[in-house]
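Asks: What follows is a single structure, and I will ask about it in a moment.
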Amino acid sequence: MKLKAIILAAGTGTRMKSKMPKVLHKVCGQTMLGHVIDVSKDSKAEECIVVVGHGAEEVQKTLPEGVKTVLQAEQLGTGHAVMVAEEHIETQGTVLVLYGDGPLITEETLNALMTYHQEGKYSATVLTAELENPTGYGRIIRDDDDRLKTIVEEKDTTVGEKEVREINSGIYCFDSKVLKETLPKIQNNNSQKEYYLTDALTIIKQEGLKVGVYQIENYEDIMAVNSREQLAEVEEVMQRRIVKKHMEAGVTFIDPQSTYIEKTVKVGMDTILHPGVILKGATEIGEDCIIGHNSRIENSILKNGIEVQSSTIIESTIDDHATIGPYAYLRPQSHIGKHVKVGDFVEVKNATIDDHSKAAHLAYIGDAEIGKHVNIGCGVIFVNYDGIKKHKTIIKDHAFVGSNSNLVAPITIQESAFVASGSTITREVPAGALAVGRSRQENKEGWVARKGVGKK
């Protein structure tokens, strides 16, 4: 079966009150349209055609390679949207029609819809669900034999039809040839003067062909987004699904409702996520890690047995059994080795810290290469910027940098060298040497009495 997906994404999204095209609003880190494209591909669609309109250029910039677009210059209804994609509809195979603002649709639901469509030998099949409050949706009107009679748009419903709870999801499965032949027959004889895709089903029925209705129990799959409130509702549902998937794979969430984790994140078995954790982008966390409360990790790789306490980690790599935080900040291109400690209020940027080294507290480590078993004392500053460009600091294995020292780059501290506390180091420190870069202490006896300070 040759399958194509047509995704309608031309709407203005007026109720979103946004300068951004509606389908580009994100749910769990990915655009709504991106979610729908992914599910289409997972359902084995050989080709995805996105119908763009409002903000067409912005939408096109976000699309993955291979996804085609057609322009609906005027938004004249769902039928018209599919009409502008007619050149991509062939005379054999199957066409799925989806919406770019419905990010919760699943591969399982689409596969079930297509199986029902194929096994029933239907020319068209509509996906439906029953809602407690169907306001805003088109209604499924059935005949006395419980088969589809017609679909009535919300704005065209009678008082009696408004009471119907079975709604049209807007998702359809068509025989390609039948759809191609039916599109030119759709008229705009309605109060809105729009071309409704629902009319295609009526035409297909009138021509004696079979139209199926596939009703799902989980209405969440077909939730659409037309407002910020609905965006939040959809985000909540997707978060719940993501968390459930991770828990089933052996991840512990101390408080699932307060944890934010994007769809693209990977987490290993027996890792524990505490309340307030935020995991984003291409983050990968290994097994047996503990991610403490209010930690934020983006596009980073954490290996096994790592503990992170209330820290921020951006585009960095952390090797096995390192400890980070509390309140550490790892900025992009940081690589933390095995059994390394990066303690409280330590900031690391574009730096490598090799195995068993530690910076326990209150340090800035920028543009640096630090060897094994190195100690960085409290208050150490890597002075990496001269006002024009950044410079690198290299510290070799087993070196020791005392508290409150400034290392003015470019500089190298050789193996097993020591830097005395309070020093400002401006040139290389040889292996095994002690570097002292501070003025000698001078005590002025009797100074307090002479100045008359201290006592009142």
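In case you wondered, yes, glycine gets a Cβ from its N, Cα and C as well.
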Asks: Quick check on the annotation: Swiss-Prot has N384, Y385, S403, R438 binding acetyl-CoA, so which of S357, S421 does it put in that site too?
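Replies: It is S421, as the record lists it for that site.
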Asks: Could you check the binding-site residues D101, E153 and say which one's CB has the most other CB atoms within 10 Å?
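Replies: When each Cβ's neighbours within 10 Å are tallied, D101 tops the list.
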Asks: Just going by other Cβ atoms within 10 Å, which of the recorded positions R331, H361, R438 has the emptiest spot?
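Replies: Across R331, H361, R438, these recorded positions, the one with fewest Cβ atoms within 10 Å is R438.
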Asks: I want to verify one value. Collapsing DSSP to three states, which class is N375 (UDP-N-acetyl-alpha-D-glucosamine binding site)?
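Replies: Its secondary structure by DSSP: strand.
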Asks: Mind telling me which of the binding-site residues N226, N375, N384, S403, S421 has the densest Cβ neighbourhood, counting other Cβ atoms within 10 Å?
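Replies: Counting Cβ neighbours within 10 Å, the top one is N384.
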Asks: Based on DSSP, tally up the residues of the region 'Linker' (229-249) by helix, strand and coil.
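Replies: Helix, strand, coil within the region 'Linker' (229-249): 20 helix, 0 strand, 1 coil.
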Asks: Filter the binding-site residues L8, G77, E153, Y385, S403, S421 down to the ones within 10 angstroms of D101 (Mg(2+) binding site), Cα to Cα, kept in sequence order.
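Replies: Those near D101 (Mg(2+) binding site) - Cα within 10 Å - are L8, in sequence order.
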